[in-house]
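J.: The following block contains the structure, expressed as structure tokens.
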Amino acid sequence: MNPQAKLLSITSLFLGSTITITSNHWIMAWTGLEINTLAILPLISKSHHPRAIEAATKYFLVQAAASALLLFSSMTNAWYTGQWDITQLTHPTSCLLLTTAISIKLGLVPFHFWFPEVLQGTSLTTGLLLATALKFPPITLLLLTSSSLNPTLLTIMAVASTALGGWAGLNQTQTRKILAFSSISHLGWMAIILVYNPKLTLITFYLYCLMTIPIFLTLDTIKTLKLTTMSTAWTKIPPLTATLMLMLLSLAGLPPLTGFLPKWLIIQELTKQEMTPTATIIALLSLLGLFFYLRLAYCATITLPPNSINHMKQWQTNKSTKMFITTFITLSTMLLPLSPMMFTTS
């Protein structure tokens, strides 16, 4: 891809996200989301493979439909209440339409069908942007309107997302699709607590990004797209593959790793809200995700394929990304002991 075109796309992504996050008016928020959609399309289709073109087409159609719904929601609210302010969304129909529009943009169940397919058709670096950075503006809109949203609807969608994200990921052999279903499952955890504690949703999203970024970068470094090739990856960069197991277990939410923190806080908050059965159900459903994380870790670090080819180990990776990956690996595995300090300062 042309470096100038890539720079333009990445700059536009930053611009679109900034416009949406900082806006108070619905039209400005919609404009930022549209800029994001148009900026990511060249990055999705840059390989010129038929599957990449298909992924870009699917992404464009889905995001365009979601943006139209979001605009219709804000216009309906303005028609009945005279308010274009994002925080003044009070009309029930507008709230329902907004929940649908943002769910489509994020990939929450039952609007999740596009996300694994699009992620499978892109490169790992573009998939990283789709799974982390491009979810931030829609989540910001949900946070700003959280007081007006229907908690029952969000709870049902959240439990369904956690269940389907875990269940559908069990049968996958492609690492990108596994990470897509992992993202859907984590979105369920964010959505379930949104109405009761919006700050906790934001913390969960930040920690999810911290754990997902090094996994995508590690898989991109060792050039692994399938489980079958993952079993031979340990011969390339043994230290990086060993830490991949810790990162996957952290994403699964096992203590004493970073991923345990958001799940622990969400279950605690749900119990305070007298939603113990819901907390129990969502905690049990996360065990489905734990199974395929363990399978990934098993394939990456424990299996020894027969007749492995002897070759020189790649001890030196790209120096520009080495420090970046190392920092995120440390954060994604060792942040739990620092959590009391984080909450006392916030």
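Glycine is treated like the rest: Cβ placed from N, Cα and C.
Remember, TrEMBL labels are computer predictions, not curated facts.
Got these off TrEMBL a minute ago, pasting:
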type	residues	note
DOMAIN	23-287	domain 'NADH:quinone oxidoreductase/Mrp antiporter transmembrane'
TRANSMEM	56-76	transmembrane segment
TRANSMEM	96-115	transmembrane segment
TRANSMEM	152-171	transmembrane segment
TRANSMEM	178-196	transmembrane segment
TRANSMEM	202-219	transmembrane segment
TRANSMEM	240-261	transmembrane segment
TRANSMEM	281-304	transmembrane segment
DOMAIN	290-343	domain 'NADH dehydrogenase subunit 2 C-terminal'
TRANSMEM	324-343	transmembrane segment
J.: What average pLDDT does the predicted model assign to the domain 'NADH dehydrogenase subunit 2 C-terminal' (290-343)?
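T.: The answer is 72, the mean pLDDT of the model over that range.
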J.: Might you confirm whether the transmembrane segment (281-304) is in contact with the transmembrane segment (152-171), defined here as three or more C-beta pairs under 8 A between residues 6 or more apart in sequence?
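T.: Since 3 or more Cβ pairs under 8 Å link them, the transmembrane segment (152-171) and the transmembrane segment (281-304) do come into contact.
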J.: Okay, the transmembrane segment (240-261) and the transmembrane segment (324-343): do they have at least three CB pairs under 8 Å, pairs separated by 6 or more?
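T.: The transmembrane segment (240-261) and the transmembrane segment (324-343): touching, yes.
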J.: Other than its close neighbours in sequence, what residues sit by the transmembrane segment (56-76), given a CB gap under 8 Å and a spacing of at least six beyond its ends?
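T.: Contacts of the transmembrane segment (56-76) (Cβ under 8 Å, skipping residues fewer than 6 from its ends): 26-27, 29-30, 33-34, 37, 40-41, 44-45, 84, 89, 91, 93-95, 97-98, 100-102, 104-105, 114, 117-118, 121, 141.
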